[in-house]
Amino acid sequence: MTNQNDNFLVLKNINKTFGKSVVIDDLDLVIKRGTMVTLLGPSGCGKTTILRLVAGLENPTSGQIFIDGEDVTKSSIQNRDICIVFQSYALFPHMSIGDNVGYGLRMQNIAKEERKQRIREALELVDLAGFEDRFVDQISGGQQQRVALARALVLKPKVLLFDEPLSNLDANLRRSMREKIRELQQSLSITSLYVTHDQTEAFAVSDEVIVMNKGKIVQKAPAKELYQQPNSLFLANFMGESSIFNGQLQGNQVTLNGYQFTLPNAQQFNLPNGDCLVGIRPEAVTLKETGEPSQQCSIKTAVYMGNHWEIVADWAGQDLLINANPEVFNPEQKQAYVHLSSHGVFLLKKE
C-alpha cells in the first residue's frame, strides 16, 4: 500500500492565465518522494510555467501546491526550501568558486567553518574537489554547470528544480552532465523536477516523464512506456519518429496493406477488434529480398548516418521510415520487402 506521505510534491487543480491566454489548464500532478520527474513538450506547452509555479516565481490563477504535505501556494521562494539549477549557470564572476557555492549558506548566516565543510563536500560531489579558490573565467562551461549544481546541493533543499540546465553545453558534455545529475539525484534521493525540450535528456535522467501539450498533461509514465505505448497520435509523433498506417486488429493478428503479422503484446493496447491505427518505429522494420507481394516497397531515399541507413520507402503509396543495418542494406537496391518485428510496433484507437 502506497503511503500518502510519499506524495511529496503535489499540484492540485492548477490553472494559470496571462490575460485571456490559458497557459495551464486544470492540471493535477503528483511527484513521489525522492524521484526525478521530467516535464517534456513542445515550445509553449506550459512546462516552464509549471516549474516557475513550483518555485514561487509565478502565482497560480487558481489551485494549490503542496511540498511534503505543506500548502506553499502563497509562500515566497525563500520559504519553500527549493533550489533551481538554471540554463545560464548564474555564477558571480567576481567571486571564487568556493564563494559562489557558499553564497546561499552565507545568506542563511551559516557559521564559517560549517560553510567551508559543506562547500568542500558539495564540490567533491560534482568532481570539483580543490576548486574553491579558482574563478569562473578559469574553468570550462561544463565545470561552471557543475559549480551551479554544487551551489544548489550545498543547501540540501527539499526539492531541486532544473530549468533546461544542459542547453548551453555541447553533445559530449551534455551526456556526461546528465549522467552526473542522475547519479547524484539517485544517491541523495532529492525530489526533483526537470524541464527540457530534449527527449534523450528526459529519458536519461528521469524516473518518469510527463509530456505536456497546450497546458495539459498528455501522458505521465516511465520513458519505456511512453515510447512503446503512446496513448495518442500526438504523443506517437512527438516521442521519436514513427510511420502511422490504417490497420485492422483481430486478437493478436494485425493486418495492414494486406500484410498480416502477429503482435504478441496486442492486448496491452486495450483496443477492440476492428479498425485501428498501427504505429511503426523505424527500428521495427527489416528489409529483405523476398516476401509476399503485400510486403513489397520501393526505396525513395537512403541517407548514411554512420551506425544505420536512414531510409524512406514507399509502401502501398505511403511513406515508411526505416533504420537499416549498414552491414546488410545495399544503397543501390530500389525494391525490397517489408518484415516487421513486434518490438517497435504500437496500436492506437482510430480517431
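Using the three backbone atoms N, Cα and C, a Cβ is placed for every residue, glycine included.
Taken from Swiss-Prot, the feature ATP binding site applies to Gly41, Pro42, Ser43, Gly44, Cys45, Gly46, Lys47, Thr48, supported by sequence analysis. The domain 'ABC transporter' annotation in Swiss-Prot covers 9-239 and is backed by sequence analysis.
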Field: Largest tally of Cβ atoms lying within 10 Å of a Cβ, found at which of the binding-site residues Ser43, Thr48
entry: Thr48
- line: Counting only residues outside Gly41, Pro42, Ser43, Gly44, Cys45, Gly46, Lys47, Thr48 in the same chain, those with C-beta within 8 angstroms of the ATP site's C-beta centroid are His197, Met212, Asn213
Message: Taking 10 A as the limit, how many CB atoms besides its own sit near the CB of Gly41 (ATP binding site)?
response: 25
Statement: For Pro42 (ATP binding site), the same-chain residues 6+ apart in sequence with C-beta under 8 angstroms from its C-beta are His197, Asn213, Phe238
Field: Taken over the domain 'ABC transporter' (9-239), the model's mean pLDDT
entry: 96
Task: Translate the DSSP assignment of Thr48 (ATP binding site) into the three-state scheme.
output: helix
